[in-house]
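Asks: The ATP binding site annotation in TrEMBL covers B:Lys5, B:Phe6, B:Gly7, B:Gly8, B:Thr219, B:Asp220, B:Tyr225. The annotation substrate binding site is assigned in TrEMBL to B:Thr49, B:Glu120. The domain 'ACT' annotation in TrEMBL covers B:389-449.
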2 protein chains.
Amino acid sequence: MKVAKFGGSSLASSGQVKKVVDIIKADPERRFVVVSAPGKRHSDDIKVTDLLISLYEQLVAEKDPHRLIDAIYHRYEEIGTAFQVDRALLEKIHQAIQGLTSLPIKDNPHLYDTILASGENNNAKLIAGILKAQGLSARYISPQELGILVTDEPQNARILNQAYPKIRKWRKNPEILVIPGFFGITEEGNICTFSRGGSDITGAIVAAGVNADLYENFTDVDGIYSAHPGIIHEPELVEELSYREMRELAYAGFSVFHDEALIPSFKAKIPVVIKNTNNPNHPGTRIVHEKQKNDKPVVGIACDRGFTMIYISKYLMNREVGFTLRVLQILKDFNINYEHMPSGIDDISIIIRSNQLTEEKEEELLRKIAYEIDPDELRIKHGLAMVVVVGEGMRERVGITAESAAALARKKINLAMINQGSSEVSIMFSIPEKDEKAAIRTLYYTFFD
Amino acid sequence: MKVAKFGGSSLASSGQVKKVVDIIKADPERRFVVVSAPGKRHSDDIKVTDLLISLYEQLVAEKDPHRLIDAIYHRYEEIGTAFQVDRALLEKIHQAIQGLTSLPIKDNPHLYDTILASGENNNAKLIAGILKAQGLSARYISPQELGILVTDEPQNARILNQAYPKIRKWRKNPEILVIPGFFGITEEGNICTFSRGGSDITGAIVAAGVNADLYENFTDVDGIYSAHPGIIHEPELVEELSYREMRELAYAGFSVFHDEALIPSFKAKIPVVIKNTNNPNHPGTRIVHEKQKNDKPVVGIACDRGFTMIYISKYLMNREVGFTLRVLQILKDFNINYEHMPSGIDDISIIIRSNQLTEEKEEELLRKIAYEIDPDELRIKHGLAMVVVVGEGMRERVGITAESAAALARKKINLAMINQGSSEVSIMFSIPEKDEKAAIRTLYYTFFD
């Protein structure tokens, strides 16, 4: 049994929804359908979620919202009408959108979440109605009824452990259940949304809850590429990735998923497949707990920019107990997360994301380190990119590092850092940002052709 | 003006002392002479320091010490007689050794240090007498008179900052001053020794104190080799090393100096030269603050065994603020120092020296990590060696990493870890202990021939 999640672009228009209906019809195993709000139909379009954000702003500013309500409703109406759904359903959706205007504005911490969640909620009702109109046994189910119980943290809800046994009870349900993504219900019955990428989380939660055989994530790409198509012409598509490989790639800019979205399915060891709504016969990219084969040592090459390196050197630093602890404590005091911390004998480099620093904060931080650590040398280097060569297959193959380093050396790309932990799922190279494209190209053509 | 330190093997016999006298005579700049206690004359011999340790043990056990006293005195007598020093001086040394037996044994925290320090102290008196007998203007000076003031930490004394201006006053002294190495005097007038390798520390302290142009460290090798002569046949001798290069090599088993011995001369930026008493015309190896030239990218290859790697992996670990802090805190609670901590996206490897773990401690540590961190994966790997490729010249040369990794790959040596911080003074590879020799050989022949 499968959980199928459809993203906003897959549900943006009646034409797109037709493809979704066909996908659901094609496989009776697709019994849990998670939907986003209607997305963009073309690049200049406005997503329903963004219309709802505007609605929220207008309500708070006490402006007349009626044109926005029309615009939002129109999106559902366009789709529903094409499928000749019951007028009563469309009327219900219209009323639900209008009902948002009478929510209490003051002292209502759930206002924003409730308005935004309506985008998915109304779409789930609509899609359920469409499936029914197409002769399928389908119905809308609310997160409350399904049991998606979350913490009371507006815009940042986390699933509660007691949710899973509640969701599990729906496993044997004979109908196709259409579930709105993006939000859950608190124990007090309030709506709280997940952080960005939230519909993916809902899919992963439902898949874990009902112990699905597969979590299908339908989007608008054929899968995950082994390198960025903007840099490499027609890069290979990855057939199968382990969760850890996916995560390493996601870290360095492969933004198919929000980082945290897959935790529930990862923990429940449920495989995920990324498929294209517009090309559903393509097998897509599977993300699995344990890969069946590792015929390729490298599955992908990713790169991310915007890193800064702080270099601290002190003679015999190595002998000072608690030295790193003190450095980390300083970072924590400045609320700075570090990414990596390669060390020599008497030096340590701290790599952080540059967006955590302002000019002023940087100056204060360096002053603090100079004062507390009294280093022999203290330097900061901006404008670094992090290139990651990813692949579980590396475990079994000596020499990937040598080949990678040689490829970068041939292009005269200087390495500020190399980091290869014992996992060997990835090797990371820190290089100047200006060399990003050259680095990805030389590495790609070293491991793929 | 130079500070010359002579090690135990350089002072082991009258024949060796003759070489030392010639060295001192050869250069009037050698005005501060630091001496160890007489060392081994041949491989089966016992060093005076080890005889003194036995003396201490006998005294504490209330056994008759007179044969040991004779044996110790005999060493000084043999040397002194050969140079026809004043009998009164030898008698004074004899009395000083006998005097050790009347030191208070109970509640005397300085007993061990006082007995051991006498080895150097008597030798300084003897060598001063010999130099005088050879017509040089020389005299013994005690650490107290010179101003080597130290903390009251038996066997682990640290120099006090106020010592340096006191020592500085002797800079213009016209005589050759002969100084016993290995110990200093506390503010209460007690003797405290430095930790092992202590005569080197005395030399470095005196060199810093008098602001010497050079600190000459006379030993029984021509200098520092670029790799271990037990593994590489006739390895190259290093002409010049920076302090940092020396330190990186020392870390991984190049045991010419005790790690901390050179801190005073490092801080005072005084160059050090390692020379051979048995081959004084050889230029030796210079250790300098800033190297004049970096014509060779790699100066040495070292390796040390006995490392253990703890691998912790947890999905999305990267997002947990303070994660590393918690891991380090656990290590601190177990009083374990870590050496390196390479990280992936969701994993971290902690490399420690294995001698910090017992089977029981290891089990407890892993249990604690499992409990506090709740990792997805927790593994421990013993029997690792750390190979270090060292050279300041790497800063200017791309590709050393690639060449190193390729050399190891050719020999099918697996890398558990690579660590290259931003300093680029060294690259570290963690490999199985069994591959140590093969790794050093392949790396040596890659960078030297």
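Cβ from N, Cα, C; glycine included.
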Asks: To which of the binding-site residues B:Glu120, B:Asp220 does the lowest count of other Cβ atoms within 10 Å belong?
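Replies: Comparing Cβ neighbour counts within 10 Å for the binding-site residues B:Glu120, B:Asp220 gives B:Asp220.
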Asks: State the Cα to Cα distance, in Å, between B:Gly7 (ATP binding site) and B:Glu120 (substrate binding site), rounded to an integer.
Replies: 10
Asks: Among B:Lys5, B:Phe6, B:Gly7, B:Gly8, B:Thr219, B:Asp220, B:Tyr225, listed as contacts of ATP, what is the widest Cα spread in Å, to the nearest whole number?
Replies: 21
Asks: On a count of neighbouring CB atoms within 10 A, which of the binding-site residues B:Thr49, B:Thr219 is highest?
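Replies: Output for this query is B:Thr219.
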Asks: With DSSP assignments reduced to helix, strand and coil, which class does B:Gly8 (ATP binding site) get?
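Replies: B:Gly8 (ATP binding site) sits in a helix per DSSP.
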Asks: Where's the emptiest Cβ shell within 10 Å among the binding-site residues B:Phe6, B:Tyr225?
Replies: B:Tyr225
Asks: In whole Å, how far is B:Glu120 (substrate binding site) from B:Gly8 (ATP binding site) when you measure between their Cα atoms?
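Replies: With the alpha carbons as reference points, the distance is 9 Å.
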Asks: Whole-number Å distance between the CA of B:Phe6 (ATP binding site) and the CA of B:Glu120 (substrate binding site)?
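Replies: That comes out at 11 Å between the alpha carbons.
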Asks: Report the same-chain neighbours of B:Lys5 (ATP binding site): residues 6+ apart in sequence with Cβ closer than 8 Å to its Cβ, ordered by sequence.
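Replies: In sequence order, B:Val33, B:Val34, B:Val35, B:Ser36, B:Gly181, B:Ser199, B:Asp200, B:Thr202, B:Gly203, B:Tyr215, B:Glu216, B:Asn217, B:Phe218 meet the Cβ cut-off.
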Asks: In the predicted model, what is the mean pLDDT computed over the domain 'ACT' (B:389-449)?
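Replies: Here the mean pLDDT over the domain 'ACT' (B:389-449) amounts to 85.
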Asks: With every protein chain in view, what's the tally of Cβ atoms within 10 Å of the Cβ of B:Gly8 (ATP binding site), excluding that atom itself?
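Replies: By my count, 23.
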Asks: Going by C-alpha positions, which of the binding-site residues (B:Thr219, B:Asp220, B:Tyr225) is nearest B:Glu120 (substrate binding site)?
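Replies: With Cα distances computed to B:Glu120 (substrate binding site), the winner among B:Thr219, B:Asp220, B:Tyr225 is B:Thr219.
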Asks: What is the separation, in Å, between the Cα atoms of B:Asp220 (ATP binding site) and B:Thr49 (substrate binding site)?
Replies: 18
